[in-house]
Protein chains: 2
Amino acid sequence: MADDTDDILLEEKDSYALDDSLRGQVRRAVLDDDVAAIDRLMEPLHPADVADLLEQISAAERESLLQLWSTGIDGEVLSELEEGLREEVIAFLPSHVLAEAVRELDSDDVVDLVEYMEDAQQAAILDALDEADRAAVEEALSYPEDSAGRLMQREVVRAPEHWTVGEMIDHLRHHKADLPEQFYHIILVDPRMKPTGYVTLGRMLSTAREVELNQITEDSFRPIPATQPEEEVAYAFNQYHLISAPVVDDDGRLVGVITIDDAMIVQDAEAEEDILRLAGVGEGGLNDRVLETTKQRFPWLAVNLVTAILASLVIAQFEAAIAQIVALAVLMPIVASMGGNAGTQSLTVAVRAIATKDLTRSNLMRVVLREAGVGLINGLIFAVVMGLVGLVWFGSPMLGGVIAAAMVINLLVAGLAGILVPVVLDRLGVDPALASGAFVTTVTDVVGFFAFLGLAVLLLI
Amino acid sequence: MADDTDDILLEEKDSYALDDSLRGQVRRAVLDDDVAAIDRLMEPLHPADVADLLEQISAAERESLLQLWSTGIDGEVLSELEEGLREEVIAFLPSHVLAEAVRELDSDDVVDLVEYMEDAQQAAILDALDEADRAAVEEALSYPEDSAGRLMQREVVRAPEHWTVGEMIDHLRHHKADLPEQFYHIILVDPRMKPTGYVTLGRMLSTAREVELNQITEDSFRPIPATQPEEEVAYAFNQYHLISAPVVDDDGRLVGVITIDDAMIVQDAEAEEDILRLAGVGEGGLNDRVLETTKQRFPWLAVNLVTAILASLVIAQFEAAIAQIVALAVLMPIVASMGGNAGTQSLTVAVRAIATKDLTRSNLMRVVLREAGVGLINGLIFAVVMGLVGLVWFGSPMLGGVIAAAMVINLLVAGLAGILVPVVLDRLGVDPALASGAFVTTVTDVVGFFAFLGLAVLLLI
């Protein structure tokens, strides 16, 4: 077990993931230049776990480990590494090791590996592939970024429609070496290579040899255009519980297949992107360096500064009132803060509902009314609470009334802005996850300060 | 196409999802009591799309549609409906229709349907099942909520280890009727029913009949304990690219199988939960009513009120200073707001890194230092900007200096709190997504107001 001294914060309580003990042993072996121990410890690890290990140790440890580890890194580990680290690790590898690693991969994994590389590095890796594989990767790269064409694998198991189960099984046995590592369906094609249906392996295995494949196709057949955006592909897999789906070109001809594991990765990445964008973090992993991370976070903070200054300009209009009643300065952030939080709640629900296609024209008005209702009710409750706080704290019923009224107004506005801002942004083609937060908090800050201080001027001064 | 009058906000630009035109036609058919049109429109829809349609129309339209639609709802539609609506829809259905619908489902889907129902309703549905299915569902319900045991399906295709490919294929052909709808592997078991390996259908199909199954098993075999929490199951599927995995009881005996589509749903739900929790929205769908939604959002707003009052108490300590220099009241929200945003950025990255197991003891210190570095650099940049704003706006270099210093302090604290708060909460067994936001913004509000107003008192008064 790892020593207790740095046991202050994170406990390893998980069933999967690397345990601290193993990580500690690897780090010690690296420190001791103990090649035998490194090989022994690394050998049983799944490529995904090797990648995690490389991500979690320091850059210096990573460099030593890669130099000492004799069996060395394979293509699958490279695929599993997060993008930022991949290039660092690739730069370490002698070109023959890299070439070897890449040759093992399926075409979709090679595409995933090279698509965001600089041209020179990409060319070096493509050169390591044999002719057919390189052509496959290059064709995939000709499809738009984040499209089905980039996601698909070219290795497809297909058959003419009129084949029987027996013919197909014999064919598979004879072409064993050419089969993709994983496949779940036989795709039936007509003479012009257009997919016409698919057969699950389970169905085929339980059907007599003489039955034709076109007798046992599945209902849920949905070819995917190669240019379709990958989030639409993920949506289709999720919505229709697909396991694999054929990909077709503009002429409807079969060019590849997408499997559910690829769709799951996209789905995961989309949700992650939404979470980070909602928090004003564009992208970036845990291994990005300080300057990179600073650059990623700066734009949102800059936007927030502008909105905060806007709010301050509102406050500045009421300097005279604040000079007269300092309690206003004490209480005003409460109104703004409550509005900001209520707005964030509404907008998050709205952003997700747009992403999952649950919010449509037919239920928009109902949802808007609901958000208004929720804002109003919560506004009234907190108005009573804050009215009492204002009264007790500052002994002024009028001040209590002012903050109560401002609270109702701001929470109602927060609910409406929280739903309408993302909907309008989506309609304008802007990702609502990226920009809604700034707009909504500007609205709730400005309205919050203005309502509270404005009512104070009207009623108290 | 739908008429343009309500085209103000949401445009349908998606490849999947229901289009407005279809939704409009169904609503019109419901309005006209046109049974033939309803049947014609609904017939080609995938159960998932039927469920979406039911979710997106109003409660009154839903009631009419369910009464008019002659072929009626099937079990899969019930499975696809969001939980809140399911009970409403089930309440509409005559019991023989409901029984029929439920009998079509696999055991895992029945479990999913009934697990959160009230006892009476649950019993009614279980009674509709035949003996064997009911026993299967009841056993699944005996496992903890959100565990592998609830997620698995009991229908497993298994074989003794010594069987050959030919024996297996013959067995499948003879037991066609008993096979689950979808299966991807044959699970090999020893005489005590312990799983010892698995064979993909693709591998089996491409292997000669006389080869024993135990010669062609996969490396990535990972049995899952039935009591394992479902998020760990989803992690394993994602990390190790599993398609299906056997589930074992405490004695290591095979009790079921989990497939990737179930894991994908869990993964999706977990990410969704994190997003909503980070925004202070516990749960809830778009179809919850106003009062339900108000109740869901209230607790977080109440917590926020407490933290906002805490921040106000800090401000109250400086009333005299504010009365003397009203500009302090104008500028102070900027410092707090910038800190809140920077803190939210850090905490979101930290919460996600904890969820994906990327943040561990071995890289914690590096990540903390990085967040401190990012906070410091962004703090310095915005200090210069705000120093200038303060100087230009209020003509006071000292005021500019005070806000600049407070900005550096608060952004540094925001970075540290943003990472340490979620890590400590996780260590204490609290979901960091749920509680970090309140803690971090309390810290940044209190520190922001205190640093700014405190420095002002020291340097300006």
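Yeah, the Cβs are placed from backbone N, Cα and C, and that goes for glycine too.
Per TrEMBL, these features apply:
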- B:216-273: domain 'CBS' (DOMAIN)
- B:298-316: transmembrane segment (TRANSMEM)
- B:322-351: transmembrane segment (TRANSMEM)
- B:372-395: transmembrane segment (TRANSMEM)
- B:401-425: transmembrane segment (TRANSMEM)
- B:437-460: transmembrane segment (TRANSMEM)
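Simply put, out of B:298-316, B:322-351, B:401-425, B:322-351 has the most Cβ pairs sitting under 8 Å from the transmembrane segment (B:437-460). A mean pLDDT of 90 is what the model gives for the domain 'CBS' (B:216-273). Remark: secondary structure over the domain 'CBS' (B:216-273) totals 25 helix, 14 strand, 19 coil, with classes taken from DSSP. Beyond the ends of the transmembrane segment (B:401-425), by six or more residues, the same chain brings 331, 334-336, 338-347, 349-351, 354, 359, 364, 367-368, 371-376, 378-380, 382-384, 386-387, 389-390, 431-432, 435-436, 439-440, 443-444, 447-448, 451-452, 455-456, 459-460 to within a C-beta distance below 8 angstroms of the stretch.
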